[in-house]
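S.K.: Grabbed the feature section from Swiss-Prot, which reads as follows:
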type     : residues                                 : note
ACT_SITE : C86                                      : active site, nucleophile
ACT_SITE : H181                                     : active site
ACT_SITE : E183                                     : active site
BINDING  : S235, G236, G237, V238, D239, S240, S241 : ATP binding site
DOMAIN   : 9-207                                    : domain 'Glutamine amidotransferase type-1'
DOMAIN   : 208-400                                  : domain 'GMPS ATP-PPase'
Amino acid sequence: MTQNIHQHRILILDFGSQYTQLVARRVRELGVYCELWAWDVTEAQIRGFNPNGIILSGGPESTTEFGSPRAPEYVFNAGVPVLGVCYGMQTMAMQLGGHVEGSNEREFGYAQVEVKTNSALVRDIQDALSATGAPLLDVWMSHGDKVTAIPEGFETVASTDTCPFAIMANEEKRFYGVQFHPEVTHTRQGQRMLERFVLDICQCEALWTPAKIIDDAVNRIREQVGNDSVILGLSGGVDSSVTAMLLHRAIGDRLTCVFVDNGLLRLNEADQVLEMFGDNFGLNIVHVAAEDRFLNELAGEDEPEAKRKIIGRVFVEVFDEEANKQAEVKWLAQGTIYPDVIESAASATGKAHVIKSHHNVGGLPKEMKLGLVEPLKELFKDEVRKIGLELGLPYNMLYRHPFPGPGLGVRVLGEVKKEYCDLLRRADAIFIEELHKADLYNKVSQAFTVFLPVRSVGVMGDGRKYDWVVALRAVETIDFMTAHWAHLPYDFLGRVSNRIINEVDGISRVVYDVSGKPPATIEWE
C-alpha cells in the first residue's frame, strides 16, 4: 500500500500578500503538503480539507478599515495550531479580543527583534545576543498597522523599540502571531521558525519528497486513465517535459507526444527535443513540421497581442488535427502547475489582479472530447524541476532560462519572417554560448536576443553594408515581477557583439538593453 503523501497537510489562507505563494513553497520545502486558499472559505471547506495546522498570510489591507478581510471564525475553533503572519497576526489579534492601530511609523525592511519569553515557535533559535544576553532575531518587516494590545491568554514573545508585539503566542491553544515575514530569506531564521510550527507544533511528518511525489503521481495517472491512451503536446519546456516523463513511467507506450515545430524555436531545438525524448528516453513522438503554416498565418501581422493569438490558435488547430488521427486516444495531458491553478481560481473569483490569461488553463478547444490529465497541478515550478531531476532529465534543460510560449514570434519585433527568425536564432545562440563560456549564464535570471525591424549602416572591410539590428537583453530577478538589467562586463558584451556581426551575415549592429522592470517588461513584446 502506497503511503498517503497528502495525509499531513497545512492550510494557508491568502489575504493578498505578494509573498503568500512563497509561504506555501517554504512549507513544501519542509516536506509537508499544503494548499493555498482564499481567506473567505467556509467552515465546511476547512473541515473537508482537515488540516494539521493553518497559516494566515500577510496582506495589503488595513485591519482597522471597515470591511477588511477576516479569518473564518472556525479557524480559531478547529482545535489545530494557527500561525498569523503580519496581516494574519493582526486579524488574529482583533478577532480574539486584542487591539490593532494604524501607525505613523511604518516598518519596512530589516529589523532586529528581541526575544522576551521562551516559546515553542522560536525555541533554540537566535541570530545574536543583546547586551543583556537576550536572544535577537534578524527579521524582515513590512507593515503600517501594529498590534497594540494582545488578546487574553497570549503573551509577548518578542518585540522591537517600535513594535511592542513582534511575536505573540498562546501556547495552550497553539496560536502564534509574527509581525514580520518568516518566509523571505531576509528573515535569517525564518525557515527554522516555519519548521518549528509545521513539524514540531503541528506534528506533521515530512512525507512530501520528490521520490514520493513521483510514486503518487504515477499511481494516480494509472488510476485515472486505466488502459486508455493519452496524448500530450510536448514543447521541450520544463512543464511538458516532466509531464511526459511521468506519463511515460506510468503508462509507457500508451502515451503519444505531439511535437509541433512552428519555426519559432531556438537554434537546433527541434532536433534536441526529438533526440532526447525519442532516441534517449524512447517516447512515442509525432513530429509535425508546421513552420510554413505558422509563418503564412503570421504574414503581415505586426501587433504583439494579435501575433500571440495567431500562434495560439494555429497550435490548437495543428494539435487538434493530430489528436483526431489518434483514434484510440481518450485523454489529453497538460503541464498545468499549481500557480496556474491558483491564478485561474483567483481570476474566477475576482480576488486577484490577473496580468494575462495562462495558456494552460482554459485554452482548450471546446469541442475537444478528451478527458484531462494534469499530473503537475499540485506542484510549484521548483518542485517540478526537482522531480524532473529525479526522473533523469538533464539539469541544464530543467534550469534553462524561460522561453515564451509564442517563441521567437514575440522576439522578432513587428512582422515575423523566416529570414528574421533565422538571423535571430544564430545571434541568440552566440549570446547564450558566450554566457556559458564566461560562467555568466547562471548568474543572470534570463538572457536572450531580440530582432529589431530596423536597418543600420555598417562597415565591413572596404565596403559599407546596410543590415539589421539586434538587441541583447539580460536581467536579474527573484520573481520576474520586477527585474534589474544585468550589469554584464563591457569586454564580454564587446566579444558577443563582435562575434554576432562577424558570424551572422545580415546583422550590422548590436545594442544592449539597460531598462529595468518596471518601467519596461522583460520581453520586448
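Yeah, the Cβs are placed from backbone N, Cα and C, and that goes for glycine too.
Quick one: how deep are these features, and who are their neighbours?
M.R.: Close to C86 (active site, nucleophile) in the fold, though at least 6 residues off in sequence, lie S17, S57, G58, G59, S142, H143, V178, Q179, F180, H181, each with a CB less than 8 Å from its CB.
Within 10 Å of the Cβ of H181 (active site) there are 23 other Cβ atoms, across all protein chains.
Classification of E183 (active site) by DSSP places it in coil, neither helical nor stranded. There are 25 other CB atoms within 10 A of the CB of E183 (active site), with all protein chains counted.
Non-local contacts of G236 (ATP binding site) by the CB criterion (under 8 A, 6+ apart in sequence, same chain) comprise F259, L265, E269, Q272, V273, M397.
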S.K.: Per DSSP, to which secondary structure element type does D239 (ATP binding site) belong, with helix, strand and coil as the options?
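M.R.: For D239 (ATP binding site) - judged by DSSP and reduced to three states - the answer is helix.
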S.K.: What is the number of other Cβ atoms found within 10 Å of the Cβ of S240 (ATP binding site)?
M.R.: 22
S.K.: Take every residue in the domain 'GMPS ATP-PPase' (208-400), average their pLDDT values, and give the whole-number result.
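M.R.: Summarising the domain 'GMPS ATP-PPase' (208-400) by its mean pLDDT gives 89.
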S.K.: How many Å separate the Cα atoms of V238 (ATP binding site) and E183 (active site)?
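M.R.: Distance (Cα to Cα, whole Å): 25 Å.
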S.K.: So, in DSSP terms, is C86 (active site, nucleophile) helix, strand, or coil?
M.R.: coil
S.K.: Around the ATP site formed by S235, G236, G237, V238, D239, S240, S241, list the extra residues of the same chain whose Cβ is within 8 Å of the site's Cβ centroid.
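M.R.: Here the nearby residues are L234, V242, T243, A244, G335.
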S.K.: Quick one: Cα separation, D239 (ATP binding site) versus E183 (active site), in Å?
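M.R.: A Cα-Cα distance of 25 Å.
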